[in-house]
Each structure stands twice: as structure tokens, then as C-alpha cells.
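Peer 1: The following feature annotations were taken from Swiss-Prot:
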ACT_SITE  E136  active site, proton acceptor
ACT_SITE  H293  active site, proton acceptor
BINDING   D134, E136, D298  Mg(2+) 1 binding site
BINDING   D134, D234  Mg(2+) 2 binding site
BINDING   E136, A137, H293  AMP binding site
COMPBIAS  1-10  compositional bias 'Basic and acidic residues'
COMPBIAS  22-35  compositional bias 'Basic and acidic residues'
DOMAIN    76-110  domain 'SAP'
DOMAIN    130-306  domain 'Exonuclease'
MOD_RES   S59  phosphoserine
MOD_RES   S62  phosphoserine
Amino acid sequence: MEDPQSKEPAGEAVALALLESPRPEGGEEPPRPSPEETQQCKFDGQETKGSKFITSSASDFSDPVYKEIAITNGCINRMSKEELRAKLSEFKLETRGVKDVLKKRLKNYYKKQKLMLKESNFADSYYDYICIIDFEATCEEGNPPEFVHEIIEFPVVLLNTHTLEIEDTFQQYVRPEINTQLSDFCISLTGITQDQVDRADTFPQVLKKVIDWMKLKELGTKYKYSLLTDGSWDMSKFLNIQCQLSRLKYPPFAKKWINIRKSYGNFYKVPRSQTKLTIMLEKLGMDYDGRPHCGLDDSKNIARIAVRMLQDGCELRINEKMHAGQLMSVSSSLPIEGTPPPQMPHFRK
């Protein structure tokens, strides 16, 4: 997901390129320079310890912007963690996170600075809002395969992508209609009590409240938006099953969403095993805030990850969808699209 390279006379200070940005996503790392190809790498005229960069031939890349970006990336790749933090601090950027995250953050800072001179970043501003949803559902210890999960908490966190602030939240508990008694395991895991679900509305009633709330926010009409989840299960399993149980058609506005685990793994180049909520927070230098497995608290923490990723230059975009009742991936090569205005789905006949 990134790269390119520059044509500067050997021996001259091409470090000015480092003030501009890093390589675009999708390229390759520049090769390590040989002694005769290298010189000290500089940021704002200051040398980095032992960091070097290479000059490149004019035929390597057609656009000099990307040549400069590639040279910058090579320098950043060879910086120590302390150097990375110092440079990030200098630009008043977040300094928490593991080394790979710090490198990605600094590269994207330089990349954005340079590319802003060429063109506006369409994807960054495409969605005005992101709705983070993390359902809680009935469960039993060991999750036996025959157990039917019913949604018992419906939270939504409204993230403004321009201010990077949580603008509002929605939370409603839901009364289950098949397994009406919560298991001790479920109560302990989620913190949701039997009394809370007994006094709650049924799923169709809660879904109607969610949709009315989203309409008040003018999502899909005045503002472009997308849903975002931590994994595929919230939409492809929990919402899908719940709609069947409640005899509702699957709501069109929930057919496509951003799976932040996929976005995180692709952006920071980490394996799937490193994309659990607590691990993502840890790698970004953050602690979980709130009660784990509280749907609203989980959603707020997912929003914190989304904010950090946007700050680091990630283009959060729809990457999963439901089609004919099946989970499918959405290619990043397709045009970016928004989510339709929320509408209450019809009941099945």
C-alpha cells in the first residue's frame, strides 16, 4: 500500500524533499543504498543519526512528487523510535504507538503535505459522518453452535470526520423474545441486567428509534455517512439473524459498512491476529476506556481508533457488504460510495 523516488544530483542536499511527504500507498520500499549512492538524511536541515537516502535515475518514476516521497520514506524507515517521536512531536503529532505505527504516521504527514499541493484528498472528506455500531447479544458460555443470538443492546456513536469529535451517541437496550432470560454468563460479560432487558422495547421498536435518530441527524440526505463495525459479525450475523427473528427485511442502509479490522490491518500492515479491539488500542498507544463488552463503551473505543487512523492518513471506506444474504468484500478499486438514507424496513410476509 505505498511508494516511489527522486532525481537529485549526488552530494547535494535533497533533504528538502523530506519536508514534503512520504510515498503513496501501493508502492514498494526503495532499495537500500550502496555506500557510493548515499548521503546523510536531513529533516529541516538536521541530520538523523546514520539515516541515509539514495538518489534515483530519472526513469524510476515519472512524477517528481513521488520521487521525493520515496526518498522521504527511505529515511523514515531507517529512523530510530526516539527519532520518530522527536520528529512527530516537532510537528505536534501524536507520539504514542509502536514503531511501525509511528513510521506510518510520519510518512502520511509528509505525504499529505506534499499531495495537498497537487490535489485535494477526496476520500478524507467524502464521509461527513461515520456511525460506529457494536451490538451486544444474548450468549451462553462456550457459545454452543445451536444457540440463537438476539440483540440486547443497540448503540450508535456519531463521529464527525471533519472535527474528529464524537458528536452524539445513541443507546437502547432490547428485549429478547426467544431466550427471554439472560444467562449468568451473559449478564457477567455484558453488564446488562435482566431488569434492563425486561423493561426494554422489542427490536423492531428500537430499530425505528435508531432510524428516527439518524434522520434527525440528516444522514444520507444533507450529510454523507457510512456505518463502521469492529469485524463482520455485527451486520452479517447479529443484525441478519435478528431481522429474520423479528420478521423484518434486512435494512438497505445497513447492507454496506466499514470493517475497521480490515482497514487497520491493511493500513498498518499487520496480520488479522493483531486486529482485535484491545490490541489495536495498545498498538496505537491507548488504553481501553470504559467497561469491555458494554456496547456503547466498545463503540466509543472503536471511534477512538477510527480517529487515530484518520489522523494517520488512512482513508476509511466501505469494504464489506451483504448481498443476497451473504457476506462479501468490497474492492478498494471501486468508486467510493455513501450509504442511503435510513428507512424502516418492511415486515416479511
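Every residue gets a Cβ built from N, Cα and C, even glycine.
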Peer 1: Where does H293 (active site, proton acceptor) sit in the DSSP three-state scheme?
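Peer 2: The three-state answer is coil.
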Peer 1: What is the pLDDT of the domain 'Exonuclease' (130-306) when averaged and given as a whole number?
Peer 2: 97
Peer 1: Given the recorded positions D134, E136, D234, D298, and counting only Cβ atoms in the protein chains shown, which has the most within 10 Å of its Cβ?
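Peer 2: Compared across D134, E136, D234, D298, the most Cβ atoms within 10 Å surround D134.
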Peer 1: In the same chain, which residues outside the set E136, A137, H293 have their CB within 8 A of the centroid of the CB atoms that define the AMP site?
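Peer 2: Checked against the 8 Å cutoff, the neighbours are F135, C139, I152, E153, C186, L189, T190, I192, G295.
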Peer 1: Rounded to a whole angstrom, what is the C-alpha distance between D134 (Mg(2+) 1 binding site) and D234 (Mg(2+) 2 binding site)?
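Peer 2: For D134 (Mg(2+) 1 binding site) versus D234 (Mg(2+) 2 binding site), the Cα atoms are 6 Å apart.
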Peer 1: If one measures from the C-alpha of D298 (Mg(2+) 1 binding site) to the C-alpha of E136 (active site, proton acceptor), what distance in angstrom results, rounded to a whole number?
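Peer 2: Rounded to a whole number, the Cα-Cα distance is 10 Å.
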Peer 1: State the Cα to Cα distance, in Å, between H293 (active site, proton acceptor) and E136 (active site, proton acceptor), rounded to an integer.
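Peer 2: Cα of H293 (active site, proton acceptor) to Cα of E136 (active site, proton acceptor) measures 7 Å after rounding.
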Peer 1: If you skip the near sequence neighbours and keep only those at least six away, which residues in the chain come within under 8 angstroms of A137 (AMP binding site), Cβ to Cβ?
Peer 2: H149, E150, I151, I152, F238, Q242
Peer 1: Just counting, how many other CB atoms are there within 10 A of the CB of H293 (active site, proton acceptor)?
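Peer 2: H293 (active site, proton acceptor): 17 neighbouring Cβ atoms within 10 Å.
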Peer 1: Roughly how many Å lie between the Cα atoms of D234 (Mg(2+) 2 binding site) and E136 (active site, proton acceptor), rounded to a whole value?
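Peer 2: Just about 9 Å between their Cα atoms.
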